[in-house]
Amino acid sequence: MLSSFLSKASVLLLCVAGLSTASNQNLTPSRFTSSPIKNHYIVQYRDGVDYDARYSHETQVRAAAGKFGKYRGVIKSFNIGHFSGYHGEFDAAHVKRLNHSGLIKSIENDATIHISSVIPLMPHQVRGINSLANNNIVRAGGATWGQARLSHRLPGSGADYIYEHGGSTVYVVDSGIKLSHHEFGDGTGASGRVTWGANFINNVTGDQHGHGTHVAGTVGGLTYGISPKSRLVALKVIDGNGYGTWSGVAAAIQWACDDTAARNASGLSVINMSIGGPGKSQFIYDAISGAVAKSGITVVAAAGNWDGVVNDGSVTPAGCGDVIAVGAIDGNDTRSSYSNWGPGVTVFAPGDGIRSAWFEGDDYASGEMSGTSMASPHVAGLAAYFMELYGKLTPADVKQRILAVGTRDKVKDAGDGSPNLIAYNGNPVEFTQTV
């Protein structure tokens, strides 16, 4: 009974209703098929609109909002590569006025995103790790099946995870991270590797839901992580009830870009987005493309959980061509029944019954979850791991390396147009495939 519930009810992707793109010719706001936020819009400037013109326009919008007092006007400005615009609150009359502005490329309704419920399991103690002959190679016994799958060519080849010391920075755009959890220390009791970045949903620091802590544990947890040396940054966009907004997600992308620039870490940074839904949000696509092109951040996203096709325009954010989109497989290398598929999927990774850190209980607690939300952080951790091994890598370099070393032709029922490829870390002990 529990097994059936886990497989059917616990398909855990941050789900949002269908999206549509605002026409460049007709600037009537594009409508999400459900959950639009009334009077909240994302306004995108045309390419080439300079800072002075944007500043003047936004000053006028703020002045108009202040005059009437009912709406806030410009709430948050964005400038991510070629994507510039703002999140604003205003009425339909102002939207009509924007139609006459030569500065504006598109207008979209902001909308909510939502997480389905999760199922925590009992606490689990941390295992030990042992060095191999090469002191830079680590064999972690008692690995999750997901870790073991990424470091072995064949399923069931061992219950260990073999990797070389590595680590860079992964921005976890999710529900926050439990900062005190043992998984996010450095193994010595010293200060943790996780930092609190910013909160774009409420005023509560920490993970109120659990999804983000679980995802972060898979990325870089001491026990459960693919890149256990990674620095993790919590960018909270989901509240305790599982709700967030796309404008919050865009703000998190902006924050990650600014932080990457401040640290001179282009080519050493990853964003994981275990979020998404059917349809296309052009402003999210453009924000991601800006992060990739301007900041050199590799963006990894869950393919989606409705057994549908992924291509340009069918899913946000996974359908964006600049994203590494990750589908889910089970322990038999079969595409998970819920996992999306198609030409927009980059690679498959373990997604069923993934154990990782949990936000409730003590600082050793763990829980098991399923979904492409769980597959995505396996690949985000892999991207971070490759960056430390090989030095700074452009997003294109990361994608190419994942495609080059991945385990081929093992996914059963991969889906029409899908790459038949499982993520692989190039296990230094058994790696035999030529890159």
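Every residue gets a Cβ built from N, Cα and C, even glycine.
TrEMBL has this to say about the protein:
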ACT_SITE  ASP174  active site, charge relay system
ACT_SITE  HIS211  active site, charge relay system
ACT_SITE  SER373  active site, charge relay system
DOMAIN    41-115  domain 'Inhibitor I9'
DOMAIN    167-403  domain 'Peptidase S8/S53'
SIGNAL    1-22  signal peptide
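Using DSSP to sort the residues of the domain 'Inhibitor I9' (41-115) gives these counts of helix, strand and coil: 25 helix, 32 strand, 18 coil. HIS211 (active site, charge relay system) falls within a helical segment according to DSSP. Neighbour density for SER373 (active site, charge relay system): within 10 A of its CB lie 35 other CB atoms from the protein chains shown. The distance from the Cα of SER373 (active site, charge relay system) to the Cα of ASP174 (active site, charge relay system) comes to 10 Å. When the Cα atoms are compared, ASP174 (active site, charge relay system) and HIS211 (active site, charge relay system) turn out to be 7 Å apart. Averaged across the domain 'Inhibitor I9' (41-115), pLDDT in this predicted model comes to 91.
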